[in-house]
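This report refers to the structure that appears directly beneath it.
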Amino acid sequence: MEFCKIIRSFVLLSFFLFHFAASVHDHKEITFNETHLAGMEFPNHPSFNSVTSSENTDCHLETTKNPTLKPSESSVKPPVKFSLKHRSENKGAQTGKKDSVVDSTSRDLTRIQTLQRRIFEKKNQNTVSRLSQKQHQQQQKEVISVAKPSAAPISDTDESNNQLVATLESGVSLGSGEYFMDVFIGTPPKHFSLILDTGSDLNWIQCTPCYDCFEQNGPHYNPLESKSFKNISCRDPRCHLVSSPDPPPPCKSSNQTCPYYYWYGDNSNTTGDFSLETFTVNLTTPTGEPEFKQVEDVMFGCGHWNRGLFHGAAGLLGLGRGPLSFSSQLRSIYGHTFSYCLVDRNSDLSVSSKLIFGEDPSLLSHPNLNFTTLVAGKENPVDTFYYVQIKGIMVGGEVLEIPAETWKLSQEGAGGTIIDSGTTLSYFADPAYQIIKEAFVKKIKDYPLVKDFPVLYPCYNVSGVEKIELPEFAIIFGDGAVWNFPVENYFIRLDPEEVVCLAILGTPRSALSILGNYQQQNFHILYDTKKSRLGFAPMKCADV
């Protein structure tokens, strides 16, 4: 009983301190990791235990396990939901939305350069460096053997009815394009805030001893204080799932740890030991009661040398397509589906965005849910990213004449279009961007054009206008799906200047196009890797 009181007090105190600390820290942009075995399909996660609230016990953290359950019997739980909340008062209200947009686009451009560099490096490297193809195939077999669950895993043909829904914190109010999720790591569990990223796979956290680390809110994770922490040996086949320092240190004994090194292209990096740990997620049930979900043996990076601009977070939680991501490691419980719904960036701070692992029945039954095909994937070296195939762009009901090769994704991973939760605005490669921009300029005649406005173009003076009317904007996908956007998703209003600007930019020196989170606001976005499709439905995300 006393232990439970301590845990509850700790959760409440850490939550208060985190939000207080976040309100006084400036934040900067993050970039992404890469994995050298992105094409490897990792088996289902070996174990998942739930910790639930119970009014019938003295302790409200009651662990429930049933190792004898078969997969068909264990896949009956509803999906679970997480919420994303604004962390502080709107920074834009303090420094001006103009400055906030300039800061966001500057970080976006750094991120784009990083993504493009990672793609280039993956094109020109062996999928598994320093290993022959024969060794690679043998290691795949060994990994499956080592990580195979004691109970039979849920096969790809089985449908999981489980669902995990989390509350997410938004960094948008701080000028950041990132979203954060509270995670409790270790045994006993300790609170950390991790950045969610659909453009990366590796989960990692700053660990003690922290020889060279960036500033974060709260203490570093200490593996010596956790009973559930386990190092992965350098001889463990799972060690080949991460990139090692170059040259790699020799593996001399079975108890030698597996080192990893990830470089992000903008002087950001993380280096440390590849390990296993128990992750506990704090949820809120439909009745408002607290609930905890516990995931054992999550593969993650315990970083002892970390440099970068990570907004005071403790690390990163990957949601990419690769085998190391948090979503991939939960497939045996929640299947191949996760989704999120991001509230408007100017919403009240009490309004939450949601992250959902598992199929959401309300979304699947939505009358305006549309799907488009996710392209690339396992056959492409850059399968961390979620690629979609654009066929055309409509502005004001007119299909623009954009060359088809603008949207082409090569077999090597160059070009194409990705949907990304970590980039703020949307960016289109030339000549698409130039043609889109010119189309808006041609069609908008009712408002004075504001020239020489920082970063964004075109911008218009709408002073005194009660109802602003602007041309419609839509994306046409290669399979015929059409994504129509409300005007607030592609034009941004900058007050007090009473100016509206097109919230779309070009990707400099890059053929890559990106659909950012500003365009995803108030849409429920579904990622289904089993059926290789992306779903999108207009929705008031505050109600999800």
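Cβ atoms here come from the backbone N, Cα and C positions, even for glycine.
If you check TrEMBL, you get these features:
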type: SIGNAL; residues: 1-23; note: signal peptide
type: COMPBIAS; residues: 86-107; note: compositional bias 'Basic and acidic residues'
type: DOMAIN; residues: 179-537; note: domain 'Peptidase A1'
type: ACT_SITE; residues: ASP197; note: active site
type: ACT_SITE; residues: ASP420; note: active site
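Around the Cβ of ASP420 (active site), the same chain contributes THR198, GLY199, PHE385, TYR386, ILE514, LEU515, GLY516, ASN517, each under 8 angstroms and 6 or more positions distant in sequence. Looking just at the domain 'Peptidase A1' (179-537), the mean pLDDT is 89. There are 26 other CB atoms within 10 A of the CB of ASP197 (active site), with all protein chains counted.
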